[in-house]
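**Q** Let me begin by handing over the structure; questions about it come next.
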């Protein structure tokens, strides 16, 4: 049977079992692999080979020695000795890393093998004969010749054998051993043997190399398709007709020029060999892209139809589809630059030319279009020649061809030089060229000035000079600065402003009516363009222009009508009433500006104010108010619109198990409609226990009892199923007299039911006794058969017989059975139920298990499943099936995709030491997880067959230890969890392919109908596995995996373990290697792809040399960019390493991918947004805040953004159109600093390249978020800093220019505008307080209050209230609340919101406000955003006071103290007409901000108010504060080092000037407070200001003696001032207050100047005192509350409230396990 026929036969209903239960069971049954191979990682000789010897076959020889050690130790010894000799010859001096240790260890092993000979002499002269004899015996014993003949037969037939596929691993091991034996024999024999044996061996080796394709082919490394070894039968993917057709297509070289081919003889030459010969591409690059193109063509063909025949051919339409998509951007590039493409017309390009152009494009992976022209000329010739552009002439006049060296390396060197010029990311962006600059150069006609090949002396390739660039305008004037240049420079600004203003006005006016969707935007643009064209035409009286005038006139008429209505008194009164009502007044506060301006106008009109010479208020302040108003209104409206859209999409229809039960009837139908090709039946969940209670309590008729049961249809189903299952199972168990008893019993019962006399026939009071006996019987039958269990079943059947016959049945039936002679004789003779037929049929065994479940489940169905996470997943999955999603295509026709995960050095898998190590409280990770997930821990112990176990118990079993490590790692944010989740895609595709194949009627050879009924074998099906591999690829880019392997890091071993457990997992990494060339050592970099081989070791698939170190920009995007060439398919899902996936969600991936073919506006989608579920929300209250905030954004927020066509890429679950993006710059921008938030730039790039980004919520991916306050702060700091860099990016600028007015506003307020408004919210507090302090210090507040009672003005109160609501996160929480209402229900939403408030969520949101403001503002002022590694561990440990102080001192504490200082000054010198109550009302929001910013890190710190921890924190803080810094001392150990690090961001003159300007705000304190001193007698002269005691602090102090004298003099001077003048103690404190305000900002800003005059040490000591004082001020309340034990208990309660509500033992965790054990 051919592969095509086996996958496309017509349906055969008799073999199709539409069984819903089996489908679900097959999906949920996990193949529990025995971890023996994984556990043996790193054991054996082959695992010890160092990387420097890895290019030889030493590793293969030692692996063979390991494999045959038990068969023949002497042969193993020969192989080890040969391996040692090879290592010695390669590195005689053992210079390589690890070579000396390897040779020493190998020599020790050889000595041990020699010692086992028991002193017998070893004749090494006979080693060749021994090895040859063993080779022949091994080959004969393994039946290698028969196996090869079978493979040859299969290759000729074109079919795939399931049995042969299942033996693939064994075959590979055999071939590997044979290859190693032959290699050693070849070395020992030599090239010219003289004896007969040697010549015989040499002939065998030559014959094998010449004819034995299998021996070489099966060992040839490959990724997915074994193209270099087409003879391989280990993978059925090569037998798929579409793959064979695609392979034949690239091998069609009939109309191509002839060329010299020296490739492997295992395959035919193809077009890739031609391109390699012509352009000198690397071998592994060619191999990689060969497979890439074959898979692309094969998948395109499968979407059309599967080709038939013995020699399948690729369809022209499939080739054209791939060609058009891959070269679409190249065509656009040619059009943009006005160049002709490399072909005359698409119709003139034949299929072969299209394939070769696609191959060339993928090989060069860029936009070097000139090469296509060069190729065109080569293809027209009859004889191929190397391309002149890639020829390298060496010193010895020899030539070679290398695309890398000739084309790529010169460009890379220029980029590397530019990267070195960026001062480690601190230089201005205009001072060096980044990736975008290089890319845009090639989108200008200037790129053609490079020539082909690129000229070495071109300006583009010139290395950057250490100078600053001139202005562009000056450059265009040939560097001459004359009067004309100056005029143009001066005119550029006003001209740009005027033109931009006109453009914005036109955009607002002309696009006002077309704001609905992308189609509306495009239509509005077209209409406007058409109108303007018609208006400028001669005949302006056209239809289009009339429609335009009509629409415009109608709009103007409506506006005019409302304006006139406002003049009518009644309407005017209605308007005034709405203005005065409380409801409208609230929105008036937020929306209108006029009430805020009126008080300012009142102040300006005061006559006394003019004497104070105040500045007039700038009118531009209204702009900031408008921005904040729009931000608030967008937040509210987006929540409303998002809620409506979510309800329309049917989100939240199923939000409880009860609601799921109500929809369960329609669930299988929805499942079959969306995920399965045929309708399937269902079986309901049972409720036998409740039905039993109904029966016992029944006092009515049979019909009344059945009516009560039938009111719950699932209960009725359960009763019926239990009855019929019991009858069938009992019939199958027994024979003879026992079977006749069963038949008669159920015949009598059926007759009673039919006659309605059941209650007369049986005694319902004894029904529970019958159930207990039946439960005991099924409890035995669900296990495997043994002699004891068979006897137990016989006993259970007899007990059941006794209970049913003598207690359950009515007396008349009982007598009939007792007098039945047949039964009576069998009982007396002991033959009744003596012979048992144990259920062995898979279907019967499942029925027994289900009956046992029905009889034993006592919980209500509402509590099944008990696990909350299982309930949530089940609810979302069932809900999603009723949402609108595309119909899933069969697996063979689906869109292929890849999953891509970047990884650096995060946790892969927790080790046992990490699990068991205890923190300072005696808490280990394992102990913590046992308390957090008690039900899952119990399930785990049951699964591995253990009871209650401790850590010590697991050490006895390596397999259980490994499973424990995985269990813990699957509950953290680890790479192991991510890999398991993403590999669910493959499992889902295997299951779907397996079932679809059987629905279509094709059954693989070797599977009987009975085996087909049980779907358990889907994971073992070679065809299903190959089909999944054809459609799915998973690549993890482990950037430093090579370095981790070299230093034997545990992460490397864990990654290798993941590859062993997941055969489809591929790992890409950057390999560094020292190479000696011309007497000097240089580093070479390779991009490598590896997988696990049959022995569990890394097998290198591809190794592509790079022009240099690929990390020129940001690490994470560079890590993605180097490895994306190894991905496959038309789509790619980017997944971070802290994400998860679920099997049920993976089954919907086919539906999601069909969205690429759906209608989503005028452009097809290029990015599919995917919903996230934050799985870390249940750890603590902080984690829930972060989870809820993040969930509202990734669901409701992105739902609205996608509708408005301004959604970008914000995270890693999104699915990209892979071909679209890799041909347009990739998915990750990597320029240093400016692309620190690389995710969103992918969305920018997609939108600017005319892409379309959508959002879909019927599928979700798990996501881990930060769970501790410090982690959250670092994450938000990174995002805020990234947004600060986005303000400077060309992408944001261009989007703002190209968007229409409404999309531009939406885009602004959901990206950088959000952070601008956040910063303005904080600045509002500063402006208000500084204004108040100014009024207080100048005395104007009293004057104004005396003349006008405006201080109670509602507008001012409204502004402060609005600011307060934004500050505490009320407006931020509105979308969150709407999401709660939608998906949880109104009551649960209200309860959740109240719970959050009780857990101090307002404190958290206020604190986060300061975090975002600080990092965003610092980036705007100084640039240099940084990536902050947050760590993703379990955060239950107490954070030291000093650690919190270091992190939040400059971002929160200093600013909070400044606000507090302003409030104190306002209290001291201000005037409030209403007294204390008015002061509290006006300043409560500011005091709340102060408290939140100062104490939130300690409020949300576990055990933050425990006395012992407080004492330890104080000691640690004082040690850190007083520890001297120095070279190599980190900031976490010394205050001095930390203080220097905190000033490092002030680098540029611009930054110093800005910091100086900001520091001048403290002059208000200086002037105002000095003016208020008693000694001044209210004199406002500036002379007094300069003569204050503050000046004395500036005197230089060099000698301690002078310091002492100065201190004594100051004290004496103060005493004289108090005695002889009006200077008071209050004046003394006021002066100190002024000094504290000024601080040392200016000294720090101008550090170099202060150092030059020798005052830096003094400034640093003053700063230390400042930090000591600020820390003491914060520490005192903590000490006070730590005295009261109930405070710590209360903190634990609100911090871990969710954990308490779930019955968790957080108190044990916080108290420590040690104390519990001691107790």
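Each residue, glycine too, has its Cβ placed from N, Cα and C.
Annotations in TrEMBL come from automatic prediction, not curation.
Given the structure is predicted, the values throughout are model-derived calculations rather than measurements.
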**Q** Looking at 1413-1434, 1479-1500, 1501-1522, 1523-1544, I want to know which stretch TrEMBL calls transmembrane segment.
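**A** From TrEMBL, the annotated transmembrane segment range turns out to be 1479-1500.
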**Q** Pick from 1252-1277, 1278-1303, 1304-1329, 1330-1355: which stretch is listed in TrEMBL under transmembrane segment?
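**A** It is 1304-1329 that TrEMBL annotates as transmembrane segment.
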**Q** If you look at how TrEMBL annotates this chain, which of 476-495, 496-515, 516-535 comes out as transmembrane segment?
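**A** Checked against TrEMBL: transmembrane segment maps to 496-515.
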**Q** Quick one: sort out which of 1628-1649, 1694-1715 is the transmembrane segment according to TrEMBL.
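**A** Per TrEMBL, the stretch marked transmembrane segment is 1628-1649.
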**Q** Which stretch, out of 1213-1232, 1453-1472, 1553-1572, is listed as transmembrane segment by TrEMBL?
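**A** So the range that TrEMBL calls transmembrane segment is 1453-1472.
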**Q** By Cβ distance under 8 Å, which residues at least 6 away from the ends of the transmembrane segment (1389-1409) in the same chain are close to it?
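**A** Distant contacts of the transmembrane segment (1389-1409): 1181-1182, 1184-1185, 1188, 1269, 1272-1273, 1276, 1318, 1321-1322, 1367-1370, 1372-1373, 1377, 1380-1381, 1452, 1488-1489, 1491-1493, 1496-1497, 1499-1500, 1694-1695, 1697.
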**Q** Which whole-number mean pLDDT does the model give the domain '1,3-beta-glucan synthase component FKS1-like' (352-455)?
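**A** It averages 76.
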